[in-house]
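This report concerns only the one structure given below.
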Amino acid sequence: MAAAEMERTTSFDAAEKLKAADAGGGEVDDELEEGEIVEESNDAASYLGKEITVKHPLEHSWTFWFDNPTARSRQIDWGSSLRNVYTFSTVEDFWGAYNNIHHPSKLVMGADFHCFKHKIEPKWEDPICSNGGTWKMSFSKGKSDTSWLYTLLAMIGHQFDHGDEICGAVVNVRVKGEKIALWTKNAANETAQVSIGKQWKQFLDYSDSVGFIFHDDAKRLDRNAKNRYTV
């Protein structure tokens, strides 16, 4: 008999003996079988009833954020409708969340859905994001679901050589289609940013060129901001 099977069998026998003693008001048989360990009844019942679940921790904890601003809130204070949805730190908790949230093709028009490292807010003003920038990919309407998933898996799975440079990712749902952006924290680090852009394209098998815009440029120039790096 295998050691693991033996352990289960002896534990089960011991628990059964305890239950029999409790039911009859009697004492546990003093003559224990070889290798048998008798625990207190509560402990034995707990052992039998416990579901053993092994979880696999991620390199970092991550938080999903949702934003569906109205035109008014955009004008008054960008991010005022941003809300924290769920924080996860294991593979299993990620899938539990992902399988119970709307994917980009099912989100309402104008929505932004973010996944950022825990305690980093998806805002230019966040101190970790403030000196960074974004890589951005465009997709036809309803065609970004798989790429969004692959982006999340590569990001939370620490598949990027410069993964510590990554703050998070966001998918924007708009009338003309969806955009997925990777936010990084040090835009001036060209080596790291170009590496991230190239690997991201490889992970998603994305054939079009993608550009990187500094947050500072985006804040100053808005839609007129130009790509600093292109891959």
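Each Cβ is built from the backbone N, Cα and C atoms, and glycine gets one as well.
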Stated Swiss-Prot location of region 'EIF4G-binding', expressed as one of 66-102, 177-213: 66-102
Cysteine from Cys115, Cys167 that Swiss-Prot links to Cys129 by a disulfide bond: Cys167
Which range of 56-59, 120-123, 216-219 is region 'EIF4G-binding', per Swiss-Prot: 56-59
Stretch-averaged pLDDT - the region 'EIF4G-binding' (56-59): 96
Whole-number Å value for how far Cys129 (disulfide bond) lies from Asp222 (mRNA binding site) (Cα to Cα): 17
Other CB atoms, at most 10 A from the CB of Lys106 (mRNA binding site): 11
Shortest C-alpha distance to Cys167 (disulfide bond) - which of the binding-site residues Arg174, Gly177, Lys219: Lys219
Cβ-Cβ neighbours of Cys129 (disulfide bond) (radius 10 Å): 21
